[in-house]
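One structure is given here, and the rest of the page talks about it.
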Amino acid sequence: MLRPVAIHCLLSTLLCMWVLCNAQSPSGPPVIQLRLAGEKRKHYEGRVEVFYNGEWGTVCDDDFSITAAQVVCRELGFMNAESWSPSAKYGSGEGKKTSMDFIRSVCWFPGFHLNLLLSNQNQNHGLTVQVEDVRLRATYSQRKRIPITEGFLEVKYGGKWRQICNEEWTEKNSRVICGMYGFPGEKRFNARPYKLLASRRKKNFWGFSVNCTGNEADLSDCKIGREIKRKGNSTCEQGMPVVVSCVPGRAFAPSVSAGYRKAYRLEQPLVRLRGGAMIGEGRVEVLKNGEWGTVCDDNWNIRAATVVCRELGFGSAKEALTGARLGQGIGPVHMNEVECSGFEKSLTECYFNRDAGCSHEEDAAVRCNIPAMGFNKRLRLNGGRNPYEGRVEVLAEKNGSMVWGTVCSDSWGTMEAMVVCRQLGLGFASHAFQETWYWQGDGSTDAVVMSGVRCSGTELTMDQCLHHGKHILCPKGGGRFAAGVSCTQTAPDLVLSAQAVEQTTYLEDRPMYALQCAHEEHCLSSSADKADPSSYRRLLRFSSQIHNNGQSDFRPRAAHHSWIWHECHRHYHSMEVFTHYDLLTLNGTKVAEGHKASFCLEDTHCDEGIQKRYECANFGAQGITVGCWDTYRHDIDCQWIDITDLKPGDYIFQVVINPNYEVAESDYTNNIMRCRSRYDGQRIWTYNCYIELEHNRQPS
């Protein structure tokens, strides 16, 4: 699918113009001009357009990369590229689409800077490696291993794959290559079989050595070394082709039986990623004094991002993201103005300013290189209106051969859909479907080949979820009842304000005759069913303030027409269960409970500069806009826990948002709030409220 490229540049205080193609002979390639266009908010972002042959056109995103985006931004006078988007984020544009093949031929690939400047042998110093492609070519015995961690290093230059002579090759060079391929580090290897293979193979060496410092994120950041003089076919007289061997991260390590003895292990992590759709991406959070917090994006760069990626068992960083691009965190901002050499074992070893002075609007994030695992070859979506939706089909073994089939939709939900979208590289789940008759694909794939799927939501592939194995059990069968999904690049992220709960908690004794509607909506404990109308219920009341810190609006899954009308309160419920309210003993046993249906999801307040979009009045659209919050005041029905039967003692007060995962979110780990509560039979104290995974400890 051809889509225009959108990029986001970093401003530079020195607006130096880097021209891609201004050095040419009269018979050379034509000059091209660039601009950022489209429906954009800032002057340093937009759709990339190229002026060629007298008209403006867009650039196809096939083979586009952050490296290409950096060149574009620098030509336009900016310091660097912050990110790029393979979609029509700023509009689809008009005119012809320019392919990267054309850009390569005119500008830098297969080595514009090399072709232009290497004509003078004295100008090699300071130039970076610019080749068309890089690959690890595994030996025949290792090609079936996934991921491929070892092999001959080859670069594509001038349309041909070439080896690199290992005479001046260093471990630091190998470290950079491993990082590019999604591995945290390099390791030693047995050179004997490679020498034997090299002696039998035809040699075609690249003409230069490579000088990496070891902290580069990509081979293109390394410097070109000396030119290796060619002597017939013996370019590398004293050596052999470069071989690189890498250590896989824990998430990607093959089993020991496959021939791997150990992999990179992460013990007691001090850094984690949150809010990312794919493995190896997310908002950076660090653990300090038992509390998770974020990193401010001041001075945040690819070198610091690479330290994070390697620390977590991934490769080098593809992107260092700023401005809370992957959602806002909660809690303190632990680090600011981070400066890393690139060789630190952990981000916590880098220099940083402890006096953050930052808001969560400046939370830093990363996207890391990960190994090519081939996950998307065993799963597909079929029949959808676009590549982001369809019936889920799995490649499975049946009667000795591999066939495509469907997945049973019994108990199919958001968590299972999340894994499908992640495995296919399509982002987050938007919806999970238990009927897909409107997405009928090839009838030959209707048979169910996978059933009983249960996912936690963190798995990398469907195979890692619990399922029935070879014994399929699906009473409804496949066909119209096959599982389906729709995926999206962004998702909301709801977070409850622990402070608001702690500051508004109190007790109220209310007569049963005033609780008729609440009783009908099951907001009281079971003992109320037999209670005298003149008796009183003791209610633990509080306000809840629910923020949307994600990247897209939180909307009820159910459409208007399917909302449930409640006659007593005379309002609609767009989600039958929006929150759970519980009192637990200190060992976790539930002793009192309540629940809140979403009779009204709306923007009560918003951050400065953000417009309210949702209002419940007049049967309006319900939801919570990004950067806004919905407040359920303590004085409305069902905003309580019925503690009439509770004995005095110490308890844990717990609130869970979106408990049934009815609506997809980018991060469910921050949906639980807990407080300590002490009840003496007449009064209640609520203290030490926190979001559960904000800490590594129970409330004290």
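Just so you know, glycine gets a Cβ as well, placed from its N, Cα and C.
Listed features, source TrEMBL:
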DISULFID  Cys212-Cys222  disulfide bond
DISULFID  Cys340-Cys350  disulfide bond
DISULFID  Cys455-Cys465  disulfide bond
DOMAIN    34-95  domain 'SRCR'
DOMAIN    134-247  domain 'SRCR'
DOMAIN    271-369  domain 'SRCR'
DOMAIN    379-488  domain 'SRCR'
SIGNAL    1-23  signal peptide
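Positions of TrEMBL features highlighted on the structure.
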| residue | record | Cβ neighbours (10 Å) |
| --- | --- | --- |
| Cys212 | disulfide bond | 22 |
| Cys222 | disulfide bond | 19 |
| Cys340 | disulfide bond | 22 |
| Cys350 | disulfide bond | 17 |
| Cys455 | disulfide bond | 21 |
| Cys465 | disulfide bond | 19 |
| remark: Cα of Cys465 (disulfide bond) to Cα of Cys222 (disulfide bond), in Å and rounded, measures 41
| message | To the nearest Å, how far is the Cα of Cys212 (disulfide bond) from the Cα of Cys455 (disulfide bond)? | response | 42
| Tally of residues which DSSP labels helix, strand or coil - the domain 'SRCR' (271-369) | 16 helix, 38 strand, 45 coil
| Nearest of the disulfide-bonded residues (Cys340, Cys350, Cys455) to Cys222 (disulfide bond) - Cα to Cα | Cys340
| message | Can you give me the average pLDDT across the domain 'SRCR' (134-247), rounded to a whole number? | response | 85
| query | How big is the gap, in Å, between the Cα of Cys455 (disulfide bond) and that of Cys350 (disulfide bond), rounded to a whole number? | reply | 37
